[in-house]
Amino acid sequence: MEDISDNEGRYDSPKLKSERRKHVKENYQKPIIEPLLDEEEEKYVADLNGMDIIVKLPLHAQRIFSMGNFGTFVGQRMNFANWKCFSSEEQEMCEAGTSKESLVKNSNFDSKQKAKEWIDKNTGGGLLHLTPIEAFYLLNELNVIKINGNIPKENEQIFEYFRSIFGPSFVRKYIVYKYFRKLGWIVRDGLTFGVDFLLYKDGIELHHSCAGIKIVSMSDPIITDISISAVQRELNNCKKQLLIAAIDFKILEENVKLVDIEMAKIDVGIFIFLINTVK
């Protein structure tokens, strides 16, 4: 099994290189990667709405997302608004060299305000959507949220409720998600790259994702599987690596309980294989 811990003892060994985003300085301040609550502060509130789990209070949504990048705002993209997209007549004059420095500053400010307003309109009014896996991790592991709605109240019952709705995939993904979160990684959905998860160091606003995680059964022909090879090529083209999380699916087939998941490192056994290291 590969060691993916870094020189700090957390993650990002020489085999897993994280690339900082262009605007991030080398000596940036390390962020908080798990949502915190003050001693007398009540838990963050999420609402179950059909199949969606939504954090509606803006302060709660902002804190959950900013501390660990849990959840997704509707329409969220990285750097998806630029003031030049909202340039005013004054801005066009500035770029043509026909206005003064003060006009440049005012125009830039006005354009940035328009960009911010556009972002606000396209992020669901600040609604933060959590996946069932994220929500249950925040509930069971960190104990920082409560989920309102037509849902059981006890963690064990909530686990069984999610498993009954989303099937064995919820259990498999939760085991792997928890495993990497406990190592200190930011874990995000990997659908765009055909994998189960993507790994980020410290935060999605600080680093590009450095690896994709594919969950397979221990009995799968990992190296020769055609789909794995295709995913591997796609990730390599984007300077990302492929991690295979192999789980004994047989253990998860029949009425698995939350207590079984707590012992997953013994009973299930997650083996991480690093495929084709990117040069």
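These residue numbers are counts, starting from 1, taken along the chain as shown.
Cβ coordinates come from backbone N, Cα and C, glycine included.
Sequence annotations record features per position, and here TrEMBL assigns region 'Disordered' to 1-23. Taken from TrEMBL, the feature compositional bias 'Basic and acidic residues' applies to 7-17. What TrEMBL records for 170-248 is domain 'tRNA intron endonuclease catalytic'.
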In the domain 'tRNA intron endonuclease catalytic' (170-248), how many residues does DSSP call helix, how many strand, and how many coil?
28 helix, 23 strand, 28 coil
So what's the average pLDDT for the domain 'tRNA intron endonuclease catalytic' (170-248)?
85
